[in-house]
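According to TrEMBL, the feature compositional bias 'Polar residues' maps to 1-17. Per TrEMBL, the feature region 'Disordered' maps to 1-23. According to TrEMBL, the feature transmembrane segment maps to 81-100, 106-126, 133-153, 165-183, 190-210, 222-244.
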Amino acid sequence: MEMTTTAAKQGAQNRPPTSAPEWRVTVPEGASVTVEQHEASRAARAWAWLVSLLRLALRDNRVVALGRRVWRIGADDPRRAVHGLKVGLALALVSMFYYTRPLYDGVGGAAMWAILTVVVVFEYTVGGCVCKGLNRAIATASATVVALGVHWIASKSGDKLEPFIRSGSVFLLAAMATFSRFIPAVKARFDYGVTIFILTYSLVAVSGYRVGALVAMAQQRVSTIAIGVSICVATCALICPVWAGQELHRATARNMDKLAAAVESIVDDYFSASAAEATSGGDKPPSTGTDSAKAIEGYIRCVLNSKASEDAQANLARWEPPHGRFGLRHPYAQYRNVGAAMRHCAYCVEALAACCVRSASSAGTTAQPGHLAGACTRVAALCGRVLREASGSVAEMATSGALDLAVADMSDAVRELQDDLRALPPSALLMLDEAAQLFTVTSLLIEVSARIEGVVDAVDTLARLANFKPADDEKPAESAAKVEVEP
């Protein structure tokens, strides 16, 4: 034993010195030792793998393109990123009822319903959040009351009839509520509430057959849903709110500007291409209006496809409380009429664009007289001016005397164009007979001007119902008129 110890000491003395000290742990016999070196090395390998994976992802063009698209979405409208933060804040607030013992004792295990309510109720706009929140709260409360009433009746009917009464009530109420969703008025405003009514009634009515404390369970469910709805509405309305009424208002004004740009671009491109073709001696110049044609088509499509968005925003705006210049009875339904008038005009503008494209691609258009080109271009410019004045009136929520002047100028330009058509000499008529699409373009342009007057009438109705303030340029005129009347 001593010889072994001496040899070990000599071996330790002959061992070369190491750079790091050695740690020796003496443990009793039979004990287990856990070495964490392997776990540390495993964590280091996992971290290195994640870093390498991140480097490969950054080198991949598809990942970079996806990141750019995501960034562009947030940069185009930062309110989308703020909406995500608001949802996270609402969930963090409502989760306190689950993590905090005093709050948890007040609502019990039903605190999870508050979290679920925040997830399904929180919407991008205040109107959407209020709509779903009130639908969920009212439907839950009404279904709970009805379920408790049916439970009382079934419990007094005996053990044999109780299952039949419960099942029959679920069948009848679910059938009637589901059928009510086909009613247009219910579908538009209370569809979500009807669904929650069916769900809540079925859960309470069925569980009441086995659960003893049904009233306490229903009370906890209603209270937690009320807490979730309150947190959703408060967070959505108080922190960077997005109002559906304002979105509808701005979208209506933007669509008018897009329609004005489409009318002006169509006519300008058409006569510019015709003039270039006539200058080149009948040879068609290379097409340079591809981007302009795509922009025109985008403008028209945006106006024509706006009906679903306008209807949804108008329905949600009704649920919003008064804010800014949008009162409690703001005429949101009139925005639908303005949008319908714009789409009625956009269909004619789309036909005008198609006719101009076909005319530009066909032969025999070099005989177009220059004075018709000037008259048509003037009508198109005045049409765009009228639409922009109407857009400004809607955007500023103010009446504009310049809008009436622009409409009068547009009507005068249309009459001059019609007079120019009647004043064409017979020889020109023969030439225009070979290029009959010019008459079509002119007729469609006149029709567009007539439909723009319909848009102006809808805007005037909106201004009267919404009590638009008078424009600043009208106040000096009124005061000057008073001065002239005074002796």
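Glycine is treated like the rest: Cβ placed from N, Cα and C.
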Decide whether the stretches the transmembrane segment (190-210) and the transmembrane segment (81-100) have at least 3 CB pairs under 8 angstroms, with pairs required to be 6 or more apart in sequence.
no
Near the transmembrane segment (165-183), which same-chain residues lie under 8 Å Cβ to Cβ, leaving out any that are not at least 6 residues past its ends?
146, 150-151, 153-154, 157, 191, 194-195, 197-198, 201-202, 205-206, 208-209
Which bits of the chain, at least 6 residues beyond where the transmembrane segment (222-244) starts or stops, bring a Cβ under 8 A of a Cβ in it?
79, 82-83, 86, 89-90, 93-94, 97, 107, 110-118, 121-130, 133-134, 136-137, 140-141, 144, 313, 316-317, 320-321, 323-324, 326
Could you pull out which residues elsewhere in the chain have a CB under 8 Å from any CB of the transmembrane segment (133-153), counting only those six or more residues past its ends?
117, 120-121, 165-166, 169, 173, 190, 192-201, 204-205, 208, 214-215, 218, 221-222, 225-226, 229, 232-233, 319
